[in-house]
Amino acid sequence: MQMLTKCCWGWGDRSRACDCADDSVREQEPEGQGHRVPSVPPPHHPFSTARSDPLDPPRQRKARCVPLLAASLHNGTIQLWNYQMGTLVDRYDEHDGPVRGICFHPTQPIFCSGGDDYKIKVWNYKQRKCLFTLTGHLDYVRTVFFHREYPWIISASDDQTIRIWNWQSRTCIAILTGHNHYIMCAQFHPWDDLVVSASMDLTVRVWDISGLRKKNQAHQAPMSFEEQVARANQGQADLFGNTDAVVKYVLEGHDRGVNWASFHPTLPLIVSCGDDRQIKLWRMSETKAWEVDSCRGHFNNVSMTMFHPKHELILSASEDKTIRVWDMTKRTAVQTFRREHDRFWVLTAHPELNLFAAGHDNGLIVFKLERERPAFSLSGNQLFYVKDKVVRMADLTTGTNQGICSVRKLGSQWVQPRTLSYNPAERAVIVTTASADNGQYELVALPKSTGPSAGDGKDVPSDGKKGAGSCAIFVARNRLAVLDKTGQNIEIRDLSNNLTKSVKCPVQTNEVFYGGTASLLLSSTNSVVLFDIQQQKVLAEITTPPVKYVIWSSDGNMVALLSKHTITIANKSLVQTALIHETIRIKSAAWDDSGVLVYTTLNHIKYALPQGDNGIIKTLDQPVYLTRVKGQIVHCLDRSAKPRTISIDPTEYRFKLALVRKNYDEVLQIIRTSNLVGQSIIGYLQKKGYPEIALHFVQDPQTRFDLAIECGNLDVAVEMARTVDREDVWTRLGAAALKQGNHSIVETAYQKTKSFDKLSFLYLITGNTQKLGMMQVIATKRGDNMSRFQNSLYLGDAQARVAVLRETGQYPLAYYTAKTNGLDDTALDILEEAGMTEDDLPPPPQNAGHSSLAPPVASFSQAEANWPIKNLGESFFDRALANGGVEGFVGQEANGDAGETLDAWAAGGADEPMGEDEEEGAEDEGWDLDAEVVAPEEEDVTEEAAAGEADLSEGVSQGVGENEMWTRNSPLAADHAAAGSFESAMQLLNRQVAAVNFAPLKSFFLQAYTSAHVHVPANPSLPPLEFNVRRNPETTEMREVLPLSSFNLHDIKSGELAEANRFFSRGKFVEALNAFRAVLVKMLLVVVSSQSEADEVKEIVTTCREYIIGLTMETERRKLVVDDPDNVTRNLELAAYFTHCKLSSSHVQLALRSAMSAFSKAGNHATAAVFARRLIDANPADTKVITQARAVLTQGDRNPRDAHEIAYDHFTPFEICPGSLTPIYSGSPSVLAAYTGARYLPEYKNTVCVVDGITQVGLPASGLRSLV
């Protein structure tokens, strides 16, 4: 591999990087601190590396979005890697010589690079090209970095300068001079206007670039005189940037060249490293900077160092082939990674995740510093887990989360606990952690109170009982088991942590897990053992890879043994039922309530059925650790130990589970209610032997045809064959139909493929001589003499055979054929035609007399019906599903078309395309439904039989059905409609509200009926069972039973009526009008239980009437504005009338504002002032409305005139006629609509009310009843 010179993490949009399969990810999770991951780049960041010689330390940086890693090599190549998959995405080769620096932009799809060709290049990895090149350095470019906010790039070079570039304008905006040797590194501060640089001149320099920022910042306010003078003089010193960027501190302390320096992400600290093998920590203040301490331990040049993004740690990479982790407060090494032959050059940290990457002589590695999987235990709805060494409890039902106590004193402060075991009986937990020797555990009694604790648990010490042991779990209410891995003993202790028993491990045990009461699962390197502690006996053993986690189902009957890349599913006796292998690391698992194992990998949530079928449920951005699966909700902990819920669709695995368990009712329910699609489902159904179910999911005709042939469904196969219409499809269909004896479909297939010889033989064996004769005519039309001869043989037609032989010149054969069949005259004619005599012919066989070769006669003619086959019975799905929507019997349809096809061939020749001019008949044509039905003669019934029947029925009378009881018990139209007595319901409404037009009520009648009846499927071939649903099921008196009401007053008020009001407020008048009218119609069928509710129904009817009349006027007025804008008088009249509708206060204000505006614009200031005064009296909440109304009122007082005379008298009370939309003043004649109470002019009598569209105007009625 080429020497690595620089690496950088980054996010991007590259589709090649995003659309990656899940089975190639190389990330691994360590057992403890410092566990290493294979040599590939990490998730969702571009990462860059570079390397040349010992004086060229490699560098790394991060940006965000797609898992990309950029690696710059000594040979001048830049490589983009998908570090999740470990695959090469792209490469760039435009640099001449080693590329030493590379960096991704934090947000844009670009990265920059610098190399030994003195050039800085900016690349767009979406467009896969170099955008431009920045030139100006005079020697090797060591590092390049983007600014977090401004369009700047900072570069460090061996020409002893640092340059800052504007990559948008592509110019150098500052040159920082001061170092007197190679500058190895220069980078921006994470959030301040500072730059830090490291040089081989033994110094680290901190630069202040606030002047550069101010110079390039857009000024929001005018500059002062001093600022203008300073800005005008800036150009005089811009040659080396000494006014834009000045040295703030010079840090001296290294004995040899400094290779790297970087800022702390949040604190005023700097860390640096160099060839003196030291890592130095520096602190800054506003006025000075000083050395805090040094970390010593490397025994070769230190290439790079950095702060941990979240913890008080320092990481360093060195040419001594190690990566070391240092405690920043104690300045001591806490962990060391070591390689045998490769020096480390570059090091970087993921900005959000617990991931680090390092580059060495032969590649890259990705690793973690601490364990990510949180220690947790689930008990009912309570999840106990450890986050930041605090035991916390999350309630999965309410989502609450609180800290309980701290376990900071357990083990190292940098090592998170490995496991947590909860004892609900004693409310105690055991927390274990890894250590250098045997591990530690702590038994903690949790506080009894569930209230919030001090400092969210951080300030509550555990005060637990500690002990040594690599694993510790509860095995009973008052017993815990501790594994002494060194001595291979299992110690049984009580809740006081006193030893009660010690048991020798029967096998070499690495971990122990709960195996049931008084039992343990012991994990060795190649097996798991079920061990009974009391009997000290091995109960069962199963061979597995090393098991890391054990997940029991809720009922304890199934267990999942999770290894690094495998899941072993077994029952409670450790009998294996399935083994699942994954190419990437398995993270966690949990059992679903239905008995399906849901597990997670690095980037997927997957499922596994007990027998081994598995699949993908959901793709993940980041790994999660499952705690519980409940229905469609997955409860989990993320990498930061934060409880989360993820919604999933369990349809696929529940469908497969129902198939495995042969729960066909559930399968059918899922098919009908879900949208399962995809080749995976189809392939699964085919594999499991259910192609008839797969038909339901497929729309592609070719695939449907293949499935139909596989499951023997000829009906669907014929339909799809006609859609595809290819010769090979018809050939396969003919072969499949022939196996089933469905010769009518075989006939159609042979016709489509023009297999004439096969058709002739089919007609022969089915005894269809009529069509066989037609085949002979067709053969004549085609000029196929061999087919003519064959058909004449099948028909026993000697004359036809003789004719074919004569036409083909076979005179001897023709003569003997005629002679043997008794056609002596024809034989003589043949001899004469051939110019021969009998002596010229061979002698006939001896005893050759007159004989006729006739075909055998079919014993049972099958011309009109298919061959009988044994009926094996239909499967569940053949009965339940619709077989792809094929209606009728396809065989009969094919048979019916056959004769027409043959006739067409016989008449027009066989070369015409088949089926082009065929017209399909009507759907019911083949059933002869229009034919005259001849009634059979009635047989004489004997008197004895009639007498017997009379005796059997004597004294038996039919009871009263519940539907009829409902009609008898209730005077409400809604109850009669629910009983199915629509006619009596209409009669009631006619008497009560004068209803005459029942078309708007049809759907509501049907809804009332269906809501009061439930139909339950019965046995196959039987009609469903019908049950009546009562609204008073508690009553036992049949005279009081009543049907369920489908229209509830409260629901209509909170639903449709509220929605209508919202439409009105938003100015959606057409929608509001329809909504109020729908409420008005529903009120006819509302059933209430009290008089107060009955009164409320009447109030709603009145309210709807007013709104409907008002909205009708407003919609008419707005229509008038568009259609007849010159009719100002009518426009103003409708606006004025609208203000007198009895609406809610806020809606009346809206009407008044509209009328006030319309009258003001039209010049009717006097009437506009009337509306303004009414509006002010209504006291609107908006002060702007009051101000506007007062202005209109003032204008009316100044100019009390109206430009247009209208028919409107606001002093006299009136009501609006809904028909004419004109006022009916008090004392004027009018007629009444019985239901709504709307008043009409007399000429509208006996018309249908335009308000409700149901009742007749002027017809007297008794009044609507809603209460029984």
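Backbone N, Cα and C define each Cβ position, glycine as well.
Note that this is a predicted model, so its numbers are computed, not measured.
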Where TrEMBL places region 'Disordered' among the ranges 316-338, 477-499, 937-959: 937-959
Candidate ranges 447-466, 907-926 [criterion: TrEMBL lists as region 'Disordered']: 907-926
Helix-strand-coil residue split for the repeat 'WD' (251-292), DSSP-based: 0 helix, 25 strand, 17 coil
DSSP residue counts for the repeat 'WD' (134-175), split into helix, strand and coil: 0 helix, 25 strand, 17 coil
Tally of DSSP helical, extended and coil residues in the repeat 'WD' (295-336): 0 helix, 25 strand, 17 coil
Integer average pLDDT (0 to 100) for the repeat 'WD' (295-336): 92
Non-local residues, at least 6 beyond the ends, that sit with Cβ under 8 Å of the repeat 'WD' (176-210): 55, 57, 59, 139-140, 142-143, 145, 147-148, 152, 154-158, 160-164, 240-242, 244-252, 254-263, 265-266, 270, 272, 274, 282, 284, 289
